[in-house]
């Protein structure tokens, strides 16, 4: 499978178990929401998926590449939007994108072309010359998504990308990333907000380091995903 | 927000870009240079400290300190002349630590994460950051030497050329130390500890402000500590290079310390072992 595969990941921080045999497989072109309350282990899982640190046991496969054995091939296929902003606020939007493109081996006209195409795609082409620090929160997030797509990855990881955004910006970004999945991108979207999950999305509920449910959101949530999510995480507490 | 869905995923036949180490290196150097140029006050701040030492401290101590003829000097020198290589080293030391501070800041702010998820060997990414920081250090050191020249403290012309490799090695060594410290410091607030426990002892327990024979008169033990301090050797390397002379011991110790600090920093940033594996 060329999407994202997480098999039996366990990770401890000292005596505390952050992830307990987490297994999840997201097929290509699917939007998968990783829903969990604060402290569920989402950020630890993202740290492992992006190889900031390695799991104590288990295995991760990105677009068919084992992250432990072929880290560079796996990272090439991966676009990431981190929870905290990773922009250089002193540099222009265009410079930020070109810097990232170069880290992925893109330079010259190809990088310029891709950067502009990515900005146009997100409706931000006219802001290319602005300092990133001058953008509002919603535009910064859009820019980070555009940047994560420059090298045309097959898998896009987003760690609570709507934190701190107003309702309109949040809805727009959720909708846009759903469209990206429709176009063939595999998306893993970590969130603690149930209204970001569509009924036909793949849904995995993570709580206290364990997957409590994995399936189609409409099936897991029934009539009211919010109520179901609260009761599940309360039951498990 | 008007966003039109367009095809994102590459066709199966399209080749993904391959990460190119030198493209990344140029980008990282460019980013640091742009950031440096964008922060106008940074150069001024970097130069104020050694210039205060030169114009005030050295002037005050000129009368108090008599310096005998020791290599590389062939005649008596004024205290200002003696202190300039040490103050040049001070710029490299502080800038190396500033790089470490900015790495900790970058990690907290996230841009370090972006760098470390690039599909390149981690040691290469760290080396690129180290090189970028060192280049900024060297530029600052030459700016200081230019002001000293205007002030009347001049070295042989060839010395300004032969100093370049010495400045580069010293900057890399001190930058590698900063890199290592950044892998050990958990939070930005802990940086004050670095000032107290690393920068000040390294600077004062060195030959930057006084020759080692002078220190030996006060305390042989302190002199031994100074002799074991890699910063002493970095300063001596620069001092000799400014007179187009080599100092094998200084070169050996500075190179050895660079290799040691750089290897430990790579270990510290290893995803399976070092600091990053202990912190979410």
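The first residue you see is number 1, and the count goes up from there.
Each Cβ is built from the backbone N, Cα and C atoms, and glycine gets one as well.
Curation plays no part in TrEMBL annotations; they are all automatic predictions.
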From B:5-23, B:24-42, B:43-61, the residue range that TrEMBL assigns the feature transmembrane segment: B:43-61
Cβ contacts the transmembrane segment (B:248-269)/the transmembrane segment (B:157-181), at least three under 8 Å, sequence gap 6 or more: yes
When counting Cβ pairs under 8 Å to the transmembrane segment (B:81-105), the leader among B:43-61, B:126-151, B:157-181, B:193-213: B:157-181
The transmembrane segment (B:126-151) versus listed stretches B:43-61, B:157-181, B:193-213: most Cβ pairs under 8 Å: B:157-181
Distant-in-sequence neighbours of the transmembrane segment (B:157-181), which means Cβ under 8 A and at least six residues beyond its ends: 88-89, 92-93, 95-101, 103, 126, 129-131, 133-135, 137-138, 141-142, 145, 194, 198, 230-231, 234-235, 237-238, 240-244, 251, 254-255, 257-258, 261-262, 264-265, 268
